[in-house]
Amino acid sequence: MNVAGYISLLVILSLLIGYLFGSIMFADVASMILKRNVRELGSKNPGTTNSFRVFPKKVAIAIGFFEIIKSVIPFSIILLIYKYGLQPELTKLDPSVINKTYYLTYLAPLAAIFGHMYPVYFKFNGGKAVATTAGFVFVVSPWWFLIIALTWWTITLISKYVSLASIVCFIIFLFLPYIPWLDYLWWFSLDKITFLTYQSDWYIIVFFAIANTILSTIIIWKHRGNIVRLINKQENKITKKV
(Lines of atoms letter the chains of each structure in order from A and count residues from 1; the text may use other names and numbers.)
(Lines give C-alpha, C1' and ligand atoms only; values in the text may rest on other atoms or scores of the structure.)
Protein backbone atom coordinates (compact mmCIF):
# COMPACT_ATOMS: atom_id res chain seq x y z
CA MET A 1 0.00 0.00 0.00
CA ASN A 2 1.28 3.51 -0.79
CA VAL A 3 1.20 6.66 1.36
CA ALA A 4 -2.17 7.80 0.02
CA GLY A 5 -3.63 4.40 0.83
CA TYR A 6 -2.49 4.51 4.47
CA ILE A 7 -3.75 8.07 4.90
CA SER A 8 -7.11 7.10 3.40
CA LEU A 9 -7.28 4.13 5.77
CA LEU A 10 -6.55 6.42 8.73
CA VAL A 11 -9.31 8.84 7.72
CA ILE A 12 -11.88 6.08 7.09
CA LEU A 13 -11.14 4.27 10.36
CA SER A 14 -11.21 7.53 12.33
CA LEU A 15 -14.58 8.58 10.92
CA LEU A 16 -16.15 5.13 11.15
CA ILE A 17 -15.01 4.19 14.67
CA GLY A 18 -15.67 7.69 16.01
CA TYR A 19 -19.15 7.97 14.52
CA LEU A 20 -20.34 4.50 15.54
CA PHE A 21 -19.07 4.91 19.08
CA GLY A 22 -20.47 8.42 19.34
CA SER A 23 -23.88 7.15 18.24
CA ILE A 24 -24.26 5.24 21.52
CA MET A 25 -26.70 7.38 23.52
CA PHE A 26 -26.13 6.61 27.19
CA ALA A 27 -29.16 8.62 28.31
CA ASP A 28 -31.30 6.40 26.10
CA VAL A 29 -29.60 3.31 27.51
CA ALA A 30 -30.46 4.53 31.02
CA SER A 31 -34.03 5.17 29.86
CA MET A 32 -34.35 1.57 28.71
CA ILE A 33 -32.98 0.22 32.00
CA LEU A 34 -34.89 2.54 34.34
CA LYS A 35 -38.10 2.66 32.27
CA ARG A 36 -38.06 6.47 32.36
CA ASN A 37 -37.86 8.04 28.91
CA VAL A 38 -35.48 11.00 28.86
CA ARG A 39 -36.91 11.99 25.45
CA GLU A 40 -40.36 12.54 26.94
CA LEU A 41 -39.43 14.39 30.14
CA GLY A 42 -37.79 17.71 31.01
CA SER A 43 -36.31 19.34 27.94
CA LYS A 44 -36.74 16.01 26.06
CA ASN A 45 -33.06 16.16 25.10
CA PRO A 46 -31.11 12.88 25.46
CA GLY A 47 -28.08 14.55 27.00
CA THR A 48 -26.30 15.06 30.29
CA THR A 49 -28.15 18.16 31.49
CA ASN A 50 -31.60 16.67 31.02
CA SER A 51 -30.38 13.46 32.62
CA PHE A 52 -29.84 15.39 35.86
CA ARG A 53 -33.49 16.45 35.71
CA VAL A 54 -34.87 13.02 34.85
CA PHE A 55 -32.64 10.44 36.56
CA PRO A 56 -31.12 10.01 40.04
CA LYS A 57 -27.96 12.07 40.52
CA LYS A 58 -25.54 9.13 40.44
CA VAL A 59 -27.05 7.88 37.19
CA ALA A 60 -26.82 11.36 35.63
CA ILE A 61 -23.18 11.70 36.70
CA ALA A 62 -22.40 8.33 35.11
CA ILE A 63 -24.15 9.40 31.90
CA GLY A 64 -22.15 12.64 31.83
CA PHE A 65 -18.91 10.73 32.34
CA PHE A 66 -19.66 8.28 29.53
CA GLU A 67 -20.75 11.11 27.22
CA ILE A 68 -17.36 12.75 27.75
CA ILE A 69 -15.23 9.64 27.27
CA LYS A 70 -17.14 8.48 24.21
CA SER A 71 -15.04 10.91 22.19
CA VAL A 72 -11.88 10.04 24.14
CA ILE A 73 -12.16 6.27 23.61
CA PRO A 74 -12.36 6.30 19.78
CA PHE A 75 -9.45 8.76 19.71
CA SER A 76 -7.43 6.41 21.93
CA ILE A 77 -8.24 3.45 19.67
CA ILE A 78 -7.23 5.35 16.53
CA LEU A 79 -4.11 6.66 18.28
CA LEU A 80 -3.00 3.09 19.02
CA ILE A 81 -3.77 1.99 15.46
CA TYR A 82 -1.82 4.96 14.10
CA LYS A 83 1.21 4.67 16.38
CA TYR A 84 1.65 0.91 16.22
CA GLY A 85 0.13 0.08 12.86
CA LEU A 86 0.14 2.91 10.35
CA GLN A 87 3.03 5.10 11.53
CA PRO A 88 5.73 2.39 11.14
CA GLU A 89 4.55 1.70 7.59
CA LEU A 90 4.39 5.39 6.70
CA THR A 91 7.88 5.87 8.13
CA LYS A 92 9.22 3.21 5.78
CA LEU A 93 7.63 4.90 2.77
CA ASP A 94 8.20 8.58 3.62
CA PRO A 95 9.28 9.70 7.14
CA SER A 96 8.38 13.33 6.39
CA VAL A 97 4.69 12.47 6.03
CA ILE A 98 4.33 11.70 9.77
CA ASN A 99 4.29 15.38 10.78
CA LYS A 100 1.69 16.05 8.10
CA THR A 101 -0.75 13.27 9.03
CA TYR A 102 -0.77 12.60 12.79
CA TYR A 103 -3.40 15.28 13.48
CA LEU A 104 -5.90 13.34 11.34
CA THR A 105 -6.38 11.04 14.35
CA TYR A 106 -8.52 13.86 15.77
CA LEU A 107 -11.14 13.06 13.16
CA ALA A 108 -12.19 10.22 15.49
CA PRO A 109 -13.44 12.40 18.38
CA LEU A 110 -14.93 14.84 15.88
CA ALA A 111 -16.87 12.00 14.29
CA ALA A 112 -17.98 10.90 17.78
CA ILE A 113 -19.47 14.35 18.34
CA PHE A 114 -21.47 14.10 15.13
CA GLY A 115 -22.46 10.59 16.14
CA HIS A 116 -23.95 11.99 19.35
CA MET A 117 -25.82 14.71 17.48
CA TYR A 118 -26.99 12.41 14.67
CA PRO A 119 -26.83 8.82 16.02
CA VAL A 120 -27.41 6.05 13.50
CA TYR A 121 -28.87 3.81 16.23
CA PHE A 122 -31.58 6.34 17.12
CA LYS A 123 -32.81 7.49 13.71
CA PHE A 124 -30.25 10.33 13.66
CA ASN A 125 -32.09 12.08 16.50
CA GLY A 126 -29.46 12.91 19.12
CA GLY A 127 -28.36 15.46 21.67
CA LYS A 128 -26.47 18.74 21.64
CA ALA A 129 -23.05 17.11 22.22
CA VAL A 130 -21.74 19.53 24.84
CA ALA A 131 -20.28 16.79 27.07
CA THR A 132 -18.94 14.83 24.09
CA THR A 133 -17.22 17.95 22.79
CA ALA A 134 -15.61 18.34 26.23
CA GLY A 135 -13.90 15.01 25.60
CA PHE A 136 -12.62 16.30 22.26
CA VAL A 137 -11.30 19.45 23.94
CA PHE A 138 -9.53 17.29 26.54
CA VAL A 139 -7.61 15.23 23.97
CA VAL A 140 -6.62 18.29 21.94
CA SER A 141 -5.17 20.54 24.63
CA PRO A 142 -5.09 20.68 28.45
CA TRP A 143 -5.10 24.48 28.12
CA TRP A 144 -8.26 24.40 26.03
CA PHE A 145 -9.85 22.06 28.56
CA LEU A 146 -8.85 24.23 31.53
CA ILE A 147 -10.24 27.41 29.94
CA ILE A 148 -13.51 25.76 28.90
CA ALA A 149 -13.98 23.88 32.18
CA LEU A 150 -13.36 26.94 34.38
CA THR A 151 -15.68 29.07 32.24
CA TRP A 152 -18.44 26.45 32.22
CA TRP A 153 -18.34 25.75 35.96
CA THR A 154 -18.15 29.44 36.89
CA ILE A 155 -21.19 30.41 34.80
CA THR A 156 -23.16 27.31 35.81
CA LEU A 157 -22.53 27.76 39.53
CA ILE A 158 -23.40 31.46 39.44
CA SER A 159 -26.38 31.43 37.07
CA LYS A 160 -27.58 27.80 37.39
CA TYR A 161 -28.18 27.93 33.61
CA VAL A 162 -26.23 25.14 31.91
CA SER A 163 -27.38 26.35 28.48
CA LEU A 164 -25.90 29.81 29.10
CA ALA A 165 -22.60 28.30 30.23
CA SER A 166 -22.49 26.04 27.17
CA ILE A 167 -23.25 28.85 24.71
CA VAL A 168 -20.54 31.10 26.17
CA CYS A 169 -18.05 28.22 26.11
CA PHE A 170 -18.71 27.50 22.45
CA ILE A 171 -18.20 31.15 21.58
CA ILE A 172 -14.79 30.94 23.29
CA PHE A 173 -14.16 27.54 21.68
CA LEU A 174 -14.58 29.16 18.27
CA PHE A 175 -11.48 31.32 18.76
CA LEU A 176 -9.12 28.95 20.62
CA PRO A 177 -7.31 27.57 17.52
CA TYR A 178 -6.13 31.07 16.62
CA ILE A 179 -4.00 31.23 19.77
CA PRO A 180 -1.21 28.78 18.82
CA TRP A 181 0.47 28.57 22.23
CA LEU A 182 -2.76 27.05 23.56
CA ASP A 183 -2.72 24.36 20.84
CA TYR A 184 -0.77 21.69 22.67
CA LEU A 185 -1.45 18.27 21.15
CA TRP A 186 -0.22 16.54 24.28
CA TRP A 187 -0.87 12.95 23.20
CA PHE A 188 1.91 13.41 20.65
CA SER A 189 4.18 15.54 22.86
CA LEU A 190 4.18 13.85 26.27
CA ASP A 191 7.95 14.18 26.66
CA LYS A 192 8.08 17.98 26.46
CA ILE A 193 5.99 21.13 26.44
CA THR A 194 5.40 22.19 22.87
CA PHE A 195 2.79 24.03 20.86
CA LEU A 196 1.82 24.73 17.29
CA THR A 197 3.20 27.65 15.31
CA TYR A 198 1.82 29.49 12.29
CA GLN A 199 5.17 29.07 10.54
CA SER A 200 5.38 25.27 10.55
CA ASP A 201 1.93 24.01 11.60
CA TRP A 202 -0.46 26.36 9.82
CA TYR A 203 -2.37 23.49 8.17
CA ILE A 204 -3.07 21.91 11.60
CA ILE A 205 -4.27 25.26 12.94
CA VAL A 206 -6.55 25.59 9.90
CA PHE A 207 -7.84 22.04 10.53
CA PHE A 208 -8.87 22.87 14.09
CA ALA A 209 -10.15 26.32 13.13
CA ILE A 210 -12.51 24.75 10.58
CA ALA A 211 -13.53 21.98 13.00
CA ASN A 212 -14.23 24.39 15.86
CA THR A 213 -16.16 26.76 13.60
CA ILE A 214 -18.41 23.98 12.31
CA LEU A 215 -18.97 22.54 15.79
CA SER A 216 -19.65 25.91 17.42
CA THR A 217 -22.07 26.91 14.67
CA ILE A 218 -24.06 23.66 14.84
CA ILE A 219 -24.12 23.38 18.63
CA ILE A 220 -25.08 27.03 19.21
CA TRP A 221 -27.81 26.57 16.58
CA LYS A 222 -29.02 23.53 18.54
CA HIS A 223 -29.30 25.87 21.55
CA ARG A 224 -31.49 28.38 19.69
CA GLY A 225 -34.53 27.38 21.75
CA ASN A 226 -32.51 27.86 24.93
CA ILE A 227 -31.42 31.30 23.74
CA VAL A 228 -35.05 32.35 23.23
CA ARG A 229 -36.00 31.04 26.68
CA LEU A 230 -33.04 32.80 28.29
CA ILE A 231 -34.06 36.10 26.70
CA ASN A 232 -37.66 35.58 27.86
CA LYS A 233 -36.48 34.42 31.31
CA GLN A 234 -38.23 31.08 30.85
CA GLU A 235 -35.20 28.80 30.78
CA ASN A 236 -35.10 25.94 33.31
CA LYS A 237 -32.25 25.95 35.79
CA ILE A 238 -30.11 22.87 36.41
CA THR A 239 -31.67 22.53 39.87
CA LYS A 240 -35.16 21.89 38.47
CA LYS A 241 -36.29 18.24 38.64
CA VAL A 242 -39.15 16.55 36.79
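Backbone N, Cα and C define each Cβ position, glycine as well.
Not measured: the values here are computed from a predicted model.
As written in Swiss-Prot, here are the features:
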type     : residues : note
TRANSMEM : 7-27     : transmembrane segment
TRANSMEM : 61-81    : transmembrane segment
TRANSMEM : 102-122  : transmembrane segment
TRANSMEM : 135-155  : transmembrane segment
TRANSMEM : 162-182  : transmembrane segment
TRANSMEM : 201-221  : transmembrane segment
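Only pairs six or more apart in sequence are counted, and the transmembrane segment (7-27) with the transmembrane segment (102-122) gives three or more Cβ pairs under 8 Å, enough to call it a contact.
Residues 49, 128, 130, 133, 137, 141, 143-144, 147-148, 151-156, 195-198, 201, 205, 208-209, 212-213, 215-216, 219-220, 223, 226-227, 229-230, 235, 238 of the same chain sit 6 or more residues outside the transmembrane segment (162-182) yet have a Cβ under 8 Å from a Cβ within it.
The transmembrane segment (102-122) shares the most Cβ pairs under 8 Å with 61-81, out of the stretches 61-81, 135-155, 201-221.
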